[in-house]
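Record features (TrEMBL):
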- 76-179: domain 'Late embryogenesis abundant protein LEA-2 subgroup' (DOMAIN)
- 20-42: transmembrane segment (TRANSMEM)
Amino acid sequence: MSKDCGNHGEDDLRRSCRRLLALLLGLALIVAIIALIVYLVLRPTHPRFFLQDASLRQLDLSNGTSNLLSTTLQVTVASRNPNDRVGVYYDRLDVYASYKYQQITVAASLPPVYQGHGDVDVWSPVLAGPSVPFAPYLADALQQDCQAGYLILQVKIDGRVRWKVGSWISGHYHLFVTCPAFLVTNGGNGAPGASGFKFQTTTTCHVEV
């Protein structure tokens with residue numbers, strides 16, 4: 001008799017555990033459905049980024065056994081949240097410059113910020129890349145661009161964002177921004193150099209989330 005009572009107790013415990021597990025799974029499913037409905041109803045729009053200025057302070061290419069490029073570039077980047085009911089947490093923003101898909105500066109970290117509905121934030125980091133190894137074919141292309149009197153760099157932002165709707169905050173999403181920086185001069189001198197290059201116009205950035 002005592003053995004049967006022991007088996008009944010174990011069966012009751014198993015049934016209780018199954019009910020608790022089913023309850024927890026049901027609650028998790030309900031929360032996920034509510035979050036999905038909120039997302040589909042609000043449909044948050046990507047934040048909009050603009051490159052407002054780019055000041056080239058240094059562009060030195062050393063020719064030798066190995067090509068080394070030293071670059072210093074100050075940029076002004078603005079971001080606007082176009083959503084009426086969705087806020088954006090910028091938890092991480094790393095900014096760097098590239099030339100023809102090669103990174104030429106060290107990434108500069110921007111301070112985390114919360115961006116409310118319709119808010120605009122502006123950053124002006126200095127991007128520096130001292131003695132970056134540079135491929136020979138890129139060195140030739142850079143020489144040709146400078147001789148032609150124009151230079152196109154890419155200002156890129158790599159980060160992580162979260163959406164905020166009321167008291168609900170989403171998980172992290174990867175943010176990647178690409179801003180073309182058009183720099184021109186009245187006449188090239190056949191060699192890279194910061195002097196004479198001026199930022200041409202404000203450009204709209206491509207944003208992926």
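A Cβ is built for glycine as well, from the same backbone N, Cα and C atoms used for every other residue.
Across all of the domain 'Late embryogenesis abundant protein LEA-2 subgroup' (76-179), the predicted model scores a mean pLDDT of 94. Broken down with DSSP, the domain 'Late embryogenesis abundant protein LEA-2 subgroup' (76-179) shows 13 helix, 63 strand, 28 coil.
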